[in-house]
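Structure first, commentary second.
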């Protein structure tokens, strides 16, 4: 990077391991400025529980970004609504979590920050607070007024994007339309080029049905929907292979020559990726007007405040965001 950049981090659920992980991030120096959108006393209390040093520096958008010294974080303060006790969910803090996400998202939209890295939230407690919330991906899509976003998870060796995300199985076949597939593949192809630096990305596309429909004998979605869309996009120059049966696609003879896999639904592609690299994966939202990465795990309430949480996924998410910033410069 030609000059220091500034990224924003949201720790997520205050009763979970998110604050622990952010404190652990601060134990090393970073070539970018880490602005944490959170309650300051929460972070200092959690650092004391973990026995780790932490100094919170005031955030000033008018001051040029600078590399982050070890033992420090730059604080963009948002106040808790109620005390946060590790491991104990509090409905009153649901609005706090959403406020941190909104402020961080707005800062990215206003070009305050070069990227957003999110810690794990607890969807249930946010909804219990009376705030409809499906997940980070949908929240940022709506707030940024993006036309369409795509969820992709990645490890060092594998990238898996999803045509559909949090839908019940009975609704998936109807959701796989030509328009949806066209938009998802176009976004995936575009962001692999612009944010990952791949000039001509090769994308493997899963079928929807067992054996990719077996020539129409196990479902016709491949013939009616998936194949026509792939043919159209290939004619535009995209390097697409498929539809392939999901039970045979995830093997070296295919993956060694591919840049990403497009799965038709959540549990078709993600079990393989999480088996291969759980705790080292990153969730990326494609199609947003800014870079957003996230950890690939949950709030782990039972580990909060104990110093047992693994910071590996958060470090990977932050490092990937830095690489993506470089690719977009």
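Each Cβ is built from the backbone N, Cα and C atoms, and glycine gets one as well.
According to its DSSP assignment, residue 274 (substrate binding site) is helical. Summarising the annotation, Swiss-Prot assigns substrate binding site to 136, 137, 274, 283, 292 and lists sequence analysis as the type of evidence.
DSSP gives residue 211 (divalent metal cation binding site) a helix state. Long-range neighbours of residue 211 (divalent metal cation binding site) (same chain, six or more residues apart, CB within less than 8 Å of its CB): 218, 245. Marked as divalent metal cation binding site by Swiss-Prot: 166, 211, 266.
Its Cβ taken as reference, residue 274 (substrate binding site) is surrounded by 17 other Cβ atoms within 10 Å in the chains shown. The full span of the recorded substrate binding residues, 136, 137, 274, 283, 292, taken as their largest Cα to Cα distance, is 19 Å. The C-beta environment of residue 136 (substrate binding site), restricted to residues of the same chain at least 6 apart in sequence and closer than 8 Å, consists of 101, 118, 121, 283, 285, 292, 294. Distance from the CA of residue 266 (divalent metal cation binding site) to the CA of residue 137 (substrate binding site) is 13 Å. A gap of 12 Å separates the Cα atoms of residue 274 (substrate binding site) and residue 266 (divalent metal cation binding site). For the recorded site, residue 283 (substrate binding site), the DSSP three-state label reads strand.
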